[in-house]
């Protein structure tokens, strides 16, 4: 603490001097002593804007504002009014101003003028009638069969003795997908009958196409006997034509439209095997039969003749290979290995 000597021995601290000056200033501005003085109009405006900014940020989500944009400089812009704002509070204060509200009204009026006039959708008002049901009506179902057309039919007779005046029963067909009482089964459909104040009844019939020609499908309501009659015929499914089976083609090589080849005859059985060496000039057994035709006969001598040389161009230096002579009688060797018999012994 700094002390200053004033008029001899009296000591006054700087804090006391400061308190006295503040007290005098409060008296001049008209504020309560010790309050620090009244705030200026500028300070009050700053404090009010700060409080409004905090309140607006708590209640308004700027992310959903289509006209709020933050630029690359860190400030904020209003895309509707093309104004620049330093902070979010300044932008919120701008949105509540007259300029922004006027531009919003102009934009809404222009969009309403440019939008095409669309007619209002016509809503059909259907009043649901609530009535007390008195139970199910009596019915009779008759099965019929027409031997000429081979069609089966059903005759429904529904009795409504207590039906309302000027009311006629109604009927309709319902698929198995539409109903929610039983599990779905594509083999059946439902025929419904309804009349007030009776409950709606339905019959489960086969899911076959109905013949709705005039003499076969008809409904009649007799107001005197209070009976509703409905007759229906089911269409007959056309019989499936049996397709002729095509004959099997050997090896699958015949072209369409060409008659198949006659069946092949089995080759004659081979001759019985003889004991010992085969006689000279005997023929080997015939080859196994081929699927493309009967076997070709073996020429005499046991070998096929060499093919003739090609005429014209091709292979001018081609020389046919001479046939292999048959093995001599009494030689024990394989004829296809090309072995030669041993030379005879020299004469003595």
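Cβ from N, Cα, C; glycine included.
What TrEMBL says about a protein is an automatic prediction, not a curated fact.
According to TrEMBL, the protein has these features:
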- 257-273: compositional bias 'Pro residues' (COMPBIAS)
- 281-311: compositional bias 'Pro residues' (COMPBIAS)
- 319-329: compositional bias 'Pro residues' (COMPBIAS)
- 76-106: domain 'Matrin-type' (DOMAIN)
- 241-348: region 'Disordered' (REGION)
- Query: When the pLDDT values for the domain 'Matrin-type' (76-106) are averaged, what is the result?
  - Reply: 90
- Using DSSP, break the domain 'Matrin-type' (76-106) down into helix, strand and coil residues and give each count. 17 helix, 6 strand, 8 coil
